Amino acid sequence: MKLLKDKIQQEGKVLSDVVLKVDSFLNHQIDPMLMQEIGEELANRYSDEIITKVLTIESSGIAPATFLGLVLGAPVVFARKRKSLTLTDNLYSAQVHSFTKNEVNEISVSKNFLSADDRVVIIDDFLANGEALKGLVDIAQQAGAHIVGAGIVIEKGFQQGGDKLRQEGLRIESLANIKSLANGKVEFFD
Ligand code: 5GP
């Protein structure tokens with residue numbers, strides 16, 4: 001997706017050979033015009049499928065997932081990283097190792113919002129080692145939902161998550177796929 005790649009080149013900050021900061025449009029401040037295009041592009045990629053629910057994880061998956069949900073007319077459910085006082089039992093949960101924080105979080109989704117009747121697309125902001133996506137797949141499987149596939153805003157293809165999960169049979173559509181962050185420069189796969 002050219003608009004997204006241009007934005008990454010213009011505003012992304014390469015923090016190391018493995019970490020890209022995009023807090024001016026995705027991870028802190030959000031660019032709603034870009035998010036709208038992202039929602040439309042993701043809907044196009046999955047136009048061959050029936051989708052009843054969009055599943056993501058807080059917080060940075062929520063914006064792209066919501067714009068996709070708007071185009072599809074489907075509800076958006078986000079997995080929570082902390083147990084809240086109002087979210088106690090009746091949960092699907094999975095353990096996820098956080099790439100950016102280097103800690104393990106338990107993520108959970110209320111059983112009220114995901115069921116075996118759902119056809120789910122899973123959305124996240126980044127795909128690195130695939131831990132977050134695996135946790136969301138786990139939750140959708142616990143619900144008995146049909147997983148249509150995943151939509152990722154920025155895949156870092158030089159890390160192993162995407163390849164591993166595709167080999168396991170998961171359809172993954174990524175809108176920008178980074179080949180390298182070496183020498184402070186962002187290089188994309190074609
Ligand atoms: P994974 O679970 O695939 O290893 O990492 C994906 C998760 O870690 C995403 O939900 C995202 O929040 C975070 N993440 C991974 N790599 C990056 C990165 O380079 N930049 C930012 N901002 N977040 C990342």
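Counting starts with 1 at the first residue shown.
Note that Cβ sites are derived from N, Cα and C of the backbone, with glycine treated the same way.
Copied over from TrEMBL, here are the features:
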BINDING   LEU20, ASN27, LYS156  xanthine binding site
BINDING   ALA128, ASN129, GLY130, GLU131, ALA132  5-phospho-alpha-D-ribose 1-diphosphate binding site
DOMAIN    35-157  domain 'Phosphoribosyltransferase'
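Sequence features annotated in TrEMBL and their locations in the structure.
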| residue | record | contacts (Cβ under 8 Å, 6+ apart) |
| --- | --- | --- |
| LEU20 | xanthine binding site | ILE8, GLY12, LYS13, VAL14, PHE126, ILE154, LYS156, ILE178, LEU181, VAL186 |
| ASN27 | xanthine binding site | LYS21, SER60, ASP125 |
| ALA128 | 5-phospho-alpha-D-ribose 1-diphosphate binding site | VAL18, PHE99, LYS156, GLN159, GLY161 |
| ASN129 | 5-phospho-alpha-D-ribose 1-diphosphate binding site | HIS97, PHE99, GLN159, GLN160, GLY161 |
| GLY130 | 5-phospho-alpha-D-ribose 1-diphosphate binding site | GLN160, GLY161, GLY162, LYS164, LEU165 |
| GLU131 | 5-phospho-alpha-D-ribose 1-diphosphate binding site | VAL96, HIS97, SER98, PHE99, GLY161 |
| ALA132 | 5-phospho-alpha-D-ribose 1-diphosphate binding site | ILE57, VAL96, SER98, PHE99, ASP124 |
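In this entry, xanthine is bound by LEU20, ASN27, LYS156, whose most widely separated C-alpha atoms sit 16 angstrom apart. Of all the Cβ atoms in the protein chains shown, 24 others lie within 10 Å of the Cβ of LYS156 (xanthine binding site). Taken residue by residue, the domain 'Phosphoribosyltransferase' (35-157) breaks down under DSSP into 37 helix, 44 strand, 42 coil. Residues belonging to the domain 'Phosphoribosyltransferase' (35-157) score a mean pLDDT of 95 in the model. Note: the 5-phospho-alpha-D-ribose 1-diphosphate site is recorded as ALA128, ASN129, GLY130, GLU131, ALA132; in the same chain, HIS97, PHE99, LEU127, LEU133, LYS134, GLN159, GLY161 also have Cβ atoms within 8 Å of that site's Cβ centroid.
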